[in-house]
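As recorded in TrEMBL:
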type: SIGNAL; residues: 1-21; note: signal peptide
type: REPEAT; residues: 98-133; note: repeat 'PPR'
type: REPEAT; residues: 201-235; note: repeat 'PPR'
type: REPEAT; residues: 271-301; note: repeat 'PPR'
type: REPEAT; residues: 302-336; note: repeat 'PPR'
type: DOMAIN; residues: 517-609; note: domain 'DYW'
Amino acid sequence: MQTSIPKTKLLIIIRTITTSATVSCSQRAASERGFLSLIQSCNSFSNLLQIQTQIIKLGFENNPLILTKFASKSSDLNSIEYAHRFLFSPHSNTHFYDAFLFNTIIKAYAQTGNLKPKALLVFNFMLECGVLPNNFTYPVVLKACAAIGDLNLGMSVHGSLLKFGFDGNDPVLNTLVHMYCGCKGGIVFGRKVFDEMTKNDSVPWSAMVGGYVRLGRSNDAVDLFRQMQMRGVCPDEITMVAVLCACTDLGALELGKWVESLIEREKVNKSLQLNNALIDMFAKCGDVDKALKLFRVMNERSIVSWTSVIVGLAMHGRGLQAASLFQEMIRDGVAPDGVVFIGLLSACSHSGLLEKGKEYFNLMRKEFGILPKIEHYGCMVDMLCRAGLVREAVEFVQDMPIEPNSIIWRTLINACRTHGELKLGESLARQLIRNEPMLEANYVLLSNIYAKMSHWEKKTKTREVMDSKGMRKIPGSTTLELNNQIYKFVAGDMYHNQYKEIFEMVDEMGREMKRAGYVPLTSDVMLDIDEEDKEDNLNRHSEKLAIAFALTNTPPGTPIRIVKNLRVCSDCHSATKFISKIYNREIIARDRSRFHHFKDGLCSCNDFW
C-alpha cells in the first residue's frame, strides 16, 4: 500500500513554490517545474486535495500544463470525477484550456467502466469552448463510442472528424473502423471506411477482421485475412488472435494449423494472449492433444490457459483428464475461478461423472468460497438430465436459491422429450412460452414434444402461431473444411454443385448401413408422414450430406471433420457409428456442446451427449 507524501516535505515544497511565485519569469518557470514534480509524486487522495488548494492559492488554475497533470494524476487515483468538478466549476476560466487538457479528461472517462458516456459529454463541451481537436482526440473519443456501442453517436463523431479534416489521418481512421465494427449495424460502414483507406500496416486489417469475428461472420474474416496476405501486409499478434478465433468458430483445423505455421514463419510475437488463442483453437477444432502439448511448453500461463485446456477436455468427453488437470492447477498454486468450475462441471456432465460433478459443485463453495452462478446451476441440471434423472433435476431447480433462466428450463424440456416425460415437458414448455412469448426456440420445443406424442394437430397449431408472429426455426447446418475451403450443408441441400454425387453416396451409405444392422430412428422425425418417408427425411440430414461429400472427395482412410450448428440428432449419431466402421474412417463431429470421435463403430461420448 502506498503512503502519502510526508506533511513536512509537502510544506517545504509548497513554501519554496510560494516564495518563487512572486518573482521573475525564470523563477516562475522553476516553480512550475517544482509543482509538476509535486503532482507527479502525489499518491493519495488527501495529497490531491492539498495540491488542488495550492493550485488556487498560487494562481495555477489558468495554467493548462499544471491542470493537465492534475487531471492525469486524478485519473491514476480513480478520482477523475472530482477533478472534473474542480476543472469545470462555474468559476473556471476555460479560455485558457487546451486540447491536451481535454484529451486527458476524455481519455480518463473512456477508460473507466461506467463513465464512458461522460467522455462524449466532455468532447462536446470541448467543441463548445472553441478548443479544436488534435490527432489524439478522435482515437480516444471513438474508442469510447465503440465501448458504448451507439451507432448514431459514432456517426455523429465521424461527421465531426470530417468537418475538422481528420479523414486522412490513419490512426483516426483505424479507430473509426474499430468503432463501427463495435456498434450494432455498423459493420457495413466500417467496411466502407476500410475499403477507402491505404491499409499499409496491420492495424486496420486487424480491426476489420476482429469486427467480423465478433459478429460471427468468420468466413468473411478468413476471406479478408487472405486478402491481407495477397497484399503482402505483415500480420501482428492482434491479427493472428482474431484469425485464430475465426478458425475456432468454423472448426477449421487445417486453416488453424496453417496460421500456426505463419506465426512461426513471420516470427510474430507469441504473447500470452496469442498462445491462449492457439490452445483454444486446437482444443475446439478437434485436436485437444496438440492443445495440451502447447500448454505444456508455455513459459507463462494464466487462468485462461488452464481454463482453455480444461474446457477443451470437457468438450472431448475426457472428464477424468480434466479433473486431473484441475488438481494439478491447484497444486501449482493457481486459484480457480468460476469459469474453471464451469469447464470442470461440463467435463463431468459429458463424461457421465455425476458423483464427481456433485463433489466439485460443493467444493467450489466450501473450499474456494466461489458462490455458484446461474451457469453452474445450469451445468448441474444438464448433468442430471444426461444421466436420465429428470425428476431429480426438476427438484434441484425448485430448490435453487436463484431464479432459473430459460436455458435451464429448455434443458429440462429437452430431457423430458428424450426420456419420455412428455406430459411434464409439455407443461414446462407452455410455462416457458408464457414467460417468453417472442422466443422461437420455446415454440420449437413445444412443437417437438407434440410430435413425440403424435399430437400432430397441436404441433401444426404451434407452428402456425410461430408463423403468425413471424418466427422461424434456426435451420440445422453442417460445415466441412476441405482443400482450404469451408463447405456448408443444410438438410436436403440440392444447391451444391456435386449434389447428385452426394445423394448417390447417401443412398449407398444407407444400403451398406442396413446390411450392417443399422435401424433408422424414425421417432426423431417430427413430421406426420409414413415410415418410408421418415427414413428418407433422416437420410437428408445435413450431417449425412457433409459426410457423403467428404467420402466422395477425400482419399480412403483419411479422417473426416464436421461441425454442426445444433446438437447432433440421435439417428445421425447412430448412423455415424456405422459409417465409421463400414468405410474405415475416423469421423470427428463437433456439435454445439461437445465433440464426438467416431471410430470402428464406437463414439468417444459413450452416449453421454
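Including glycine, each Cβ sits where the backbone N, Cα and C put it.
In terms of DSSP secondary structure, the repeat 'PPR' (201-235) contains 26 helix, 0 strand, 9 coil.
Listed by sequence, the residues of this chain that lie at least six past the ends of the repeat 'PPR' (302-336) yet keep a Cβ under 8 A from its Cβ atoms are 272, 275-276, 279-280, 282-284, 288, 291-292, 295, 342-344, 346-353, 356, 360, 364, 368, 370, 590, 593-595, 597, 604-606, 608. For the repeat 'PPR' (302-336), the model gives a mean pLDDT of 94.
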